[in-house]
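Enquirer: Please read through the structure below; I'll follow up with questions.
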């Protein structure tokens, strides 16, 4: 099988592991910087070039598209899709996952529970908007933030209003959510491949913080996701159209709540903590999916 990996940096851990896993299973693997890809779109067909040469014959493509190049990267991925290349995470699914508001709407439509979320545009509605959420603490999130950036905890109603008004002044899109205190700064990252959770880890926020992201100083340990948590994680990925996803849950009194569905989850943390060859699981999924589509 001929596999392309859309990545701007071949030295990143996740990219290197996917290369290793693909080649170990006998496949040809090539890294394509999405920003060096360019395309021709016409009624008579789609074509893609890379550094002066046409790109053809790929059976599968693994998108590792950073948030800063989402628009162009997904356009390149979409071109490959139209050219008949299989991808576990289609371009439209990535776009759904990176718009927090849209993602939460889609999850809620499938009956998947999450922290109560509110969204509004007009400053005149701020007080009523926050009253729909209930008393603070509140969590304010940039709609397209990643890795814990643009996430603010407000402990007073006046602080919530101030942050909301400041973000509106910057023309930033954001959502506001209820704060789940019983989670105590911990979440569960479930790594979904296909129709199952292949690994799970519990992440704990650093002292004085409520964000559990590892690169912000959080710690992680291997975890055993319950059957309910695994079901919620798989349903969440499926609701957005993703076959490979990092689904972040928190454990609450009313059950698992989905915080986010990440379409480009890093492998380093989960492989290091859990000792699971997630990269190989992704490649096996590609093999099975391409075989079925050829079938």
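Indices start at 1 and increase along the chain as displayed.
Using N, Cα and C of the backbone, Cβ positions are placed for all residues, glycine too.
Heads up, here are the entries from Swiss-Prot:
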- 141, 178, 179, 187, 211, 212, 213: ATP binding site (BINDING)
- 248, 260: Mn(2+) 1 binding site (BINDING)
- 248, 260: Mg(2+) 1 binding site (BINDING)
- 260, 262: Mg(2+) 2 binding site (BINDING)
- 260, 262: Mn(2+) 2 binding site (BINDING)
- 104-287: domain 'ATP-grasp' (DOMAIN)
Enquirer: List the same-chain residues at least 6 positions away in sequence whose Cβ sits under 8 Å from the Cβ of residue 248 (Mn(2+) 1 binding site), in sequence order, or say none.
Expert: 187, 188, 189, 190, 258, 259, 260, 261, 262
Enquirer: Specify the secondary structure state of residue 260 (Mn(2+) 1 binding site) as given by DSSP, simplified to three classes.
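Expert: The three-state answer is strand.
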Enquirer: How many other Cβ atoms are found within 10 Å of the Cβ atom of residue 187 (ATP binding site), counting all protein chains shown?
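Expert: Taking every protein chain into account, the count is 23.
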Enquirer: Enter the number of other CB atoms within 10 angstroms of the CB of residue 141 (ATP binding site).
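Expert: Counting Cβ neighbours of residue 141 (ATP binding site) within 10 Å gives 22.
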Enquirer: Taking the Cβ of residue 262 (Mg(2+) 2 binding site) as centre, how many other Cβ atoms lie within 10 Å?
Expert: 20
